[in-house]
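Annotated features, as they stand in TrEMBL:
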COMPBIAS  1-16  compositional bias 'Polar residues'
DOMAIN    216-316  domain 'Fe2OG dioxygenase'
REGION    1-23  region 'Disordered'
Amino acid sequence: MASTALPPTSLNPYQQTHEEKEQQYPVHYRGVKDLVDNGSRTLPQIYVKPPDERLVINSDQQQIPLIDLSELEGAGRSATVEAIGRACRDWGFFLVKNHGVSESTMENEMRVGREFFHLPTEEKMRYFSTDHKSRMRYATSFNVKEDKTLNWRDFLRYSCKPLEEMVPLWPDKPTDFRKENAEYIRKIGDLASILLSAISESLGLPSEYINEVYGDYSQYMAYNFYPACPNPEQTLGLPGHSDPGGLTLLMQDDVGGLQVLHEDHWVVVRPVPNTLVINLGDQLQILSNDIYKSVEHRAVVNSNRERISVATAYGPSMSTLIAPAPQLVNSSSPAVYKGCVYGDFLDSLESGSLHKKSVLDCLKLDMS
Ligand code: OGA
Ligand code: NI
């Protein structure tokens, strides 16, 4: 009788046994935490970055703006919107405080993430996949199959939508991972939508313009885990990149390592308790017709302490066509980009590596 078992080589990570994955993947696919736990005291060559990628041109003089959101829904709305607009124009990055996500919700979100990365590698490998389209996966580097040099970073990335469908696919260890994530995701999603209203207004668009364009928006979470590193100056946690989506809302712990490219200097984004780091992705650069930029940033690592961050990528639905807002286009400011369906944009980006601005450049209209 024919067997009904799935072939053992099935690429569905949920259907592969641990042994199958072991046989299939090189050892460095298991992540940098695994490498360190197995006693590696030097940096393997594959993590060494070319010198131009790890250039240190830090500026200690400047800091990204910190915006207090406590007055956003009150009498101080127009001043707050103006401050947000200025930060978007000048930096593409800002910190927010009094943002409505409670201290305990933030702490719990960090704690369950940290506990996940401290699980045995075998447990994390249950979720391992090289498929960048996977809606739930644990992996390392950026695109471990394609990257020429690897990044000192393990990550867990998963979709939040539809929530009821996604929750059962999330890790079941630590036991409160799903509960805490469901809570954080709701709160951070509300904040994203509030910020997008303010950003719309700051561009002179109707308050709900961007939220309406995004429609049935997408929301992805990514925990980034950066273990202490033997030779941190030779590698990077994440190389310079811009975020492809709409808005990124990042919570980082107290270690620090995020840097933003500003006027040709890498400016350190210092950790400030109870703040979130907000930055604009490529889809807002396109929609704003280059009034706002999706700014390059990177994560450096250090030899003393592991670091964790959790990024929320809030953007259009995959089938949404993103183009410059017609209200921002006129004869003196012609459209800089042609429109592109967000899902197609991601496909072009993710089939390559984390290239700076390459997909965005392809969408540029000929201005000559
Ligand atoms: C990202 C990112 C920076 C950090 O996840 O896209 O840029 O500090 N993270 O972890
Ligand atoms: Ni990023």
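Even glycines carry a Cβ here, placed using N, Cα and C.
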The domain 'Fe2OG dioxygenase' (216-316), counted residue by residue under DSSP: helix, strand, coil: 9 helix, 45 strand, 47 coil
Segment confidence, the domain 'Fe2OG dioxygenase' (216-316), expressed as mean pLDDT: 97
